[in-house]
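Notes follow the structure.
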Amino acid sequence: MSNPGGRRNGPVKLRLTVLCAKNLVKKDFFRLPDPFAKVVVDGSGQCHSTDTVKNTLDPKWNQHYDLYIGKSDSVTISVWNHKKIHKKQGAGFLGCVRLLSNAINRLKDTGYQRLDLCKLGPNDNDTVRGQIVVSLQSRDRIGTGGQVVDCSRLFDNDLPDGWEERRTASGRIQYLNHITRTTQWERPTRPASEYSSPGRPLSCFVDENTPISGTNGATCGQSSDPRLAERRVRSQRHRNYMSRTHLHTPPDLPEGYEQRTTQQGQVYFLHTQTGVSTWHDPRVPRDLSNINCEELGPLPPGWEIRNTATGRVYFVDHNNRTTQFTDPRLSANLHLVLNRQNQLKDQQQQQVVSLCPDDTECLTVPRYKRDLVQKLKILRQELSQQQPQAGHCRIEVSREEIFEESYRQVMKMRPKDLWKRLMIKFRGEEGLDYGGVAREWLYLLSHEMLNPYYGLFQYSRDDIYTLQINPDSAVNPEHLSYFHFVGRIMGMAVFHGHYIDGGFTLPFYKQLLGKSITLDDMELVDPDLHNSLVWILENDITGVLDHTFCVEHNAYGEIIQHELKPNGKSIPVNEENKKEYVRLYVNWRFLRGIEAQFLALQKGFNEVIPQHLLKTFDEKELELIICGLGKIDVNDWKVNTRLKHCTPDSNIVKWFWKAVEFFDEERRARLLQFVTGSSRVPLQGFKALQGAAGPRLFTIHQIDACTNNLPKAHTCFNRIDIPPYESYEKLYEKLLTAIEETCGFAVE
């Protein structure tokens, strides 16, 4: 009988599984790499390569190889870009890990491990970023069925809810609790909400050696479809962003109040602590209830004014079948009314003689100041006077290279050429641009130029589709020219009455208007940081914080320290200087390394839209002007839809609206983009949709065509042609296929 121990001196058979890589470096501005992994047992001649995954920074391979490893052998796993490897020696290198014999023994039979990619040599100039996930198993321990592992869980979901893994400047791993706003060295095992630490800001950390970060495969056995997970995250981001782009969003109720409705549909407000209820909206000061109704402008769509038997005025909301005593126009414009009221009080204090004999008229905001639609109308009139009467701004691009080709053509033009009538053509397509092609061009282009993959912008938060300028955009040496281009495109969208599909943080629009940034602006962008800074201001931090006037910044995996003031690293934050610290921190947070980028973007925007034309708008209004309404009001859509060769009782019409109501916000936006060329709604609602020759309503057209055909859109006329499908299920299937799988223009 052979002795098993005698095999220790010979090669050992191990199975290496290369599962996936994450966050690879992006070296081309307009293209993503085609990564593949190469496995080499150094000096033995054993060499294997995975399949190539197209156009991604997060490739997933899940391929295994049986290797014979000697006692002193090492294994090198390298990642390469297949697009570049044929150009020259060493081209296309994206990073590698080298496993020496002691590391192989340590990693063997421990499940999947996440390893940081490194350079080939310490003197190499290649930029490397990202991680690779691998496992090493003894060959005699492998069963017949391999475990399916979801790669995304190895990176994103291996911590309990509410926790995040970060690294200090020295590289040590720390764990951030977003619920209690505390940090710790030990890896958490329970959700963040179960930890009861006193609320305090993040602490600084001392330098220590970085421990090896491992992820056991057994903990990741519950697989889920990464595409579904990605779609859920994307949909949540989309919903969060859309919830911000209403035309008039009433402010939140005061703390302790709830809005409720009686069985008869009457809206009232309950103070939960005292149990007292009232018909009056607590958000609206009672001294504003006597404002002249005519000065407030028209009621929102679907509302009506009525009187009770005693003559008291109330308001009927036919959209929700409710009634209330508070004027809905006051809730919508409350911040403007109060601002105007404060301005008038200041003026009255400075003037000996009152210029306004009627207090009621004084409290009323002038319509041109309050009514966004009216202000937008004035802006359009002023812009139309700048548009040349002759000539066109002609741009021809391909869908595949829309960003690069648009950039080259737009940047060659003079600013006044961008004011000419916009005429867009997609190469190889016969569509004539009466507005619809331009809307689609802006829709597609905004998706490309605002994509964080290109490095110009980054998401301000993980849970919402709002963008901010990437302080590390300088990895592209021409980045300032691209920001200049983005500003021009935003200006062109506003000038020609179109919209950008995407949005920035509200402080960005505030800066675009030339206004200063405050701590309050931080709340929407980074609520955790905002809470931490507020905590610092409101509490005695003596002996609690070990902050200095130096902050850390993660630049593509590298921790960079920034001093908020000269020699800030050696200046501790205390009770005396904490206000200065917060002020400098806020200023750094919004302007860190982006001054040049923002000025380039602002220059491009103001070349098309002079800044003095925007002085009557605030940042929320500017966002709506640039991006339009994100929230789609289905009732408004129905009311402002024209029917052609069909009636409201036609099955096609009823089934169409049934499908629309079943769609989530993202698919409704895609349907709107399919028919009109834009996923955004004008500020005035669907009644203001523009066609080839002015306003043109959304149109449902039932056509006599084969029911195997897909619905067809005419973006210049906001019309969708629908064959007479036999069932709702078939219409739903065909409509879904059309909005998600088709593109291109033609001439009939």
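Count begins at 1; order follows the chain as displayed.
Quick reminder: no glycine exception, Cβ is built from N, Cα and C everywhere.
Annotation comment: Swiss-Prot describes 1-119 as domain 'C2'.
The feature ubiquitin cross-link is assigned by Swiss-Prot to K119. Note on K119 (ubiquitin cross-link): other Cβ atoms within 10 Å of its Cβ, all shown chains, come to 14. In the three-state DSSP reading, K119 (ubiquitin cross-link) counts as coil.
What Swiss-Prot lists as domain 'WW 1' is 157-190, and the listing cites sequence analysis.
Look at Swiss-Prot and you will find 251-284 tagged as domain 'WW 2'. The average pLDDT computed over the domain 'WW 2' (251-284) stands at 76.
The domain 'WW 3' annotation in Swiss-Prot covers 297-330 and rests on sequence analysis. Under DSSP, the residues of the domain 'WW 3' (297-330) split into helix, strand and coil as follows: 3 helix, 13 strand, 18 coil.
The annotation domain 'HECT' is assigned in Swiss-Prot to 414-748.
The annotation active site, glycyl thioester intermediate is assigned in Swiss-Prot to C716.
Secondary structure by DSSP for the domain 'WW 2' (251-284): 0 helix, 14 strand, 20 coil. Looking at K119 (ubiquitin cross-link) and C716 (active site, glycyl thioester intermediate), their Cα atoms lie 53 Å from each other. Mapped onto three states, the DSSP output places C716 (active site, glycyl thioester intermediate) in coil.
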